[in-house]
Amino acid sequence: MNRNVLVLNSGSSSLKYAVVDADSGDTVADGIVERIGDSEVTDHAAALQVVFDELADDMDRLVAVGHRVVHGGPDIYRPTLVDDALIAKIEQLSPLAPLHNPPALQGIEVARKALPQLPHVAVFDTAFFHDLPAAAATYAIDREVAERWDVRRYGFHGTSHQYVSEQAARFLGAPLDSLRQIVLHLGNGASASAIAGGRPVDTSMGLTPMEGLVMGTRSGDIDPGALVYLWRTAGMSVEDIEDMLNRRSGVRGLGGEIDFRILHQRIDAGDAQARQAYEVYIHRLRKYIGAYLALLGGADVITFTAGVGENDAEVRRDALTGLTALGVELDEQLNSSPDRAARRISTEASPTTVLVVPTDEELAIARACADVIEQ
Ligand code: ADP
């Protein structure tokens, strides 16, 4: 018997889906419906209909639907069966994640209506980081304000950081609780985490998925004073500032391009802005790696994952060159191999093992769903 789970990841203008067998880990089908709202796919309900048409026969064998939800706020973090009360709670959290939670809710409501006979499970991106140590989770601001408004560091991409750190331990054949790990999830969104014994020690994203590394279109770390300055002096509205930080920043904001394959081509063709975007990206990444090496007292393993991390040998090399004194020595040949599977890219002698491990958030969500419906 197989336990197929339909995994849905609803963004504001796209719906990613996958049908995953939670037991074998096989992906039965997957795809993405894009440009929701500005094409013949008018809304999330229409997008889901496209998914159903694609899946056809696979629809009959589903045991559950898993929904990726970005922000669980301070209280919800475990994978949870969706009911009206949970929906109301996620709705209440929308101000904390205005760009992410509303489309996820839309996806949940549409899917529940369409598939009322199946259990629906929400899996939160913040879950893995729920127990971040207070020193890492706390912003040094007025305590009362922080408490009143739930301002703390939550962390995101948790499903990926957890999955990848477990896979890294498995690859090394070492118990998870014996390892100090740094995971670098470098996709369009990007985040780093420091993990000791399977528990998060720190992560680069904070209250929202904007903090930390330079991303495809998000700024990552910026002096909070800059935002106040732009609001007060440049006359930018809160909406302008939010839009700039989320959509017109990062490597696109600096270099005019989000896709690293094209960014490299532009750099090779002599584009100075593309080069600077890349250099800022690498500089920030190296800063976080150094910080996490210090927090952990050295790392047993550093793992690259997601679109850029899995595919871009140049980024991996530039992130880690010159770190021999810190115990990190990349093997250029292994690093350049086009291999797709989990693999080591450090030298045999390197005290820190460097890995590339493909992430699989859909599989992790499917497994979490299967666990919930079994209880
Ligand atoms: P998301 O955060 O949207 O899930 P992904 O993890 O799929 O993003 O990463 C997408 C990004 O990965 C692309 O924008 C591109 O910059 C990068 N990428 C994908 N393939 C390659 C490649 N072969 N070489 C370099 N970068 C790549």
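Yeah, the Cβs are placed from backbone N, Cα and C, and that goes for glycine too.
Curation plays no part in TrEMBL annotations; they are all automatic predictions.
As given in TrEMBL:
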- N9, E361: Mg(2+) binding site (BINDING)
- K16, H185, L186, G187, N188, G189, D259, F260, R261, G307, V308, G309, E310, N311: ATP binding site (BINDING)
- R68: substrate binding site (BINDING)
- D125: active site, proton donor/acceptor (ACT_SITE)
- H157: site 'Transition state stabilizer' (SITE)
- R218: site 'Transition state stabilizer' (SITE)
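The structure, with features from TrEMBL marked on it.
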{"residue": "N9", "record": "Mg(2+) binding site", "contacts (Cβ under 8 Å, 6+ apart)": "L15, K16, Y17, H67, R68, G107, E361, E362"}
{"residue": "D125", "record": "active site, proton donor/acceptor", "contacts (Cβ under 8 Å, 6+ apart)": "R68, V69, V70, H71, G72, F156, H157, G158, T159, P209"}
{"residue": "N188", "record": "ATP binding site", "contacts (Cβ under 8 Å, 6+ apart)": "M215, G216, T217, I258, G307"}
{"residue": "R218", "record": "site 'Transition state stabilizer'", "contacts (Cβ under 8 Å, 6+ apart)": "G189, P209, M210, L245, N246, S249, G250"}
{"residue": "D259", "record": "ATP binding site", "contacts (Cβ under 8 Å, 6+ apart)": "none"}
{"residue": "R261", "record": "ATP binding site", "contacts (Cβ under 8 Å, 6+ apart)": "none"}
{"residue": "V308", "record": "ATP binding site", "contacts (Cβ under 8 Å, 6+ apart)": "L186, G187, A190, F260, V315"}
{"residue": "E310", "record": "ATP binding site", "contacts (Cβ under 8 Å, 6+ apart)": "F304, R340, V356, V357, P358, T359"}
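Residues from the binding-site residues list (K16, L186, D259, E310) with a C-beta closer than 6 Å to any atom of ligand 1: D259.
Across the residues annotated as binding ATP (K16, H185, L186, G187, N188, G189, D259, F260, R261, G307, V308, G309, E310, N311), the two Cα atoms farthest apart lie 22 Å from each other.
Each of the recorded positions K16, H157 was scored by how many other Cβ atoms lie within 10 Å of its Cβ, and the smallest score goes to K16. Residue with the densest Cβ environment among the binding-site residues R68, L186, E361: L186, by other Cβ atoms within 10 Å. In the three-state DSSP scheme, R218 (site 'Transition state stabilizer') falls into the coil class. Annotation note: N188 (ATP binding site) sits in a coil segment as assigned by DSSP.
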